[in-house]
Amino acid sequence: MSDPERELRVSKIRDGTVIDHITGGQALNVLAILGIDGDEGVGVSIGMNVPSDKLGTKDVVKVEDRELSQGEVDVLSLLAPEATVNIVREFEVVDKKRVERPARVVGLLTCPNHNCITNADEPVESAFGVVDDGVRCEFCGEIVREDIGDHLAVH
Amino acid sequence: MRHDHLLSAGQLTREDIEAVLDRAAELDADPGAVGDRYADTLLALCFFEPSTRTKMSFDTAMKRLGGDTVDMGTVESSSVKKGESLADTVRVIEGYADGIVLRHPSEGAAKLASQFVDVPVVNAGDGAGQHPSQTLLDLYTMRERAGLDDLTVGIMGDLKYGRTVHSLASALTNFDARMHFVSPESLRLPRGVQFDLHDAGARLREHTDLDEVLGELDVLYVTRIQRERFPDENEYQKVAGQYQIDAATLEAAKDDLTVMHPLPRVDEIAPDVDTTEYAAYFAQAHNGVPVRMALLDGLLDGNGAGDDAAGDGGAR
């Protein structure tokens, strides 16, 4: 007997990307950091706080008909360091991408320092260097360690 | 020193610092040593915040080098008042001058400016961020009075918003210095500055009471507790008195202690210290001119008639 609820959670996609083992509660931020807001017309499935042997709870995002680049995968590491990324073609996983922390992220985050020049009306993108346990504004030096998802510029 | 811009003290190596200080000493002894290399050189002074010492000493330094300055004037009298972006302002001024000295209330402003112009940008204070040219004159004064190695330096006051403190602490990591930071809990060093100091392997300790460390210090660098930063006047009153020094306070200090202050002071150093051997803060301010002469000599291409027989270089 199939469990309809479980089937809904894990149903396979034909083509696209499955991002698994996302830190619980971060799925929407992952979509934001990838610039996916639903307007693209691609199918997006989200599972939030589903049981996980490895993480306790996790989020899962499936994006149909879109394969993430390595660069996009890399920025995921800021929000979901444990994430696994599977590229799917014709229902088969054809590639598993490793999540690696990038050296810097540009234009993705806003600086929490309200007095930082990047928060003024100037023609520059924010730029953050990735440090051991967070990111650091390249303009004012502000360090963000917790709740990086709260500072997504794409929100 | 070979940098395109001076944006933060963190970009300065010990070699850079010593080169500027050595050159400053030469120019201090012989201000005419640069000849007329800067006769056609213009420096733009862009001060988006009030300034006396920094602005006037850059102005004086450029003129002592034989060049000249153009001054943006106050924000109220400039196009900034009309809503012009900093990026646009500096791009326009780049066409007038060979270098830009920028003071701005926002952290990171000088870095932003440097991304839009090809002429050298000197950060003359960006909000609570950095003030690296002040640091060079601080180090020049320190070297004259106490040397720069095997030093125990106390830095006291507003360490959170004090940009001179952030730059000085960063620069001191190039030397064999033990740093003691004295402040109220609410005005401790910011996380980013602490990160850099630890990353550089600095030897530092934090205190809330000067008495804990005064007797060990070779240099005491005092900054103003900025009353306007406190949301509650009562909170300010709780800490203000602890961070004032006078001649009696310094009886517990070493005889050869050097007391410094970037100025302006309000009440954190009593006037009775001024006439003691400890006081170095007015000499420190005066050192701004030779140090900024040396800094400009390193950043600007002196291409006036003295070096350029064709006479086609210089100011635009």
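In case you wondered, yes, glycine gets a Cβ from its N, Cα and C as well.
Automatic prediction, not curation, is the source of TrEMBL annotations.
Noted in TrEMBL for the protein shown:
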| type | residues | note |
| --- | --- | --- |
| BINDING | A:C111, A:C116, A:C137, A:C140 | Zn(2+) binding site |
| DOMAIN | A:8-100 | domain 'Aspartate carbamoyltransferase regulatory subunit N-terminal' |
| DOMAIN | A:104-147 | domain 'Aspartate carbamoyltransferase regulatory subunit C-terminal' |
Confidence summary for the domain 'Aspartate carbamoyltransferase regulatory subunit C-terminal' (A:104-147), mean pLDDT rounded:
93
Kindly assign A:C111 (Zn(2+) binding site) to one of the three DSSP-derived states: helix, strand or coil.
coil
Over all shown protein chains, what is the count of other CB atoms within 10 A of the CB belonging to A:C137 (Zn(2+) binding site)?
26
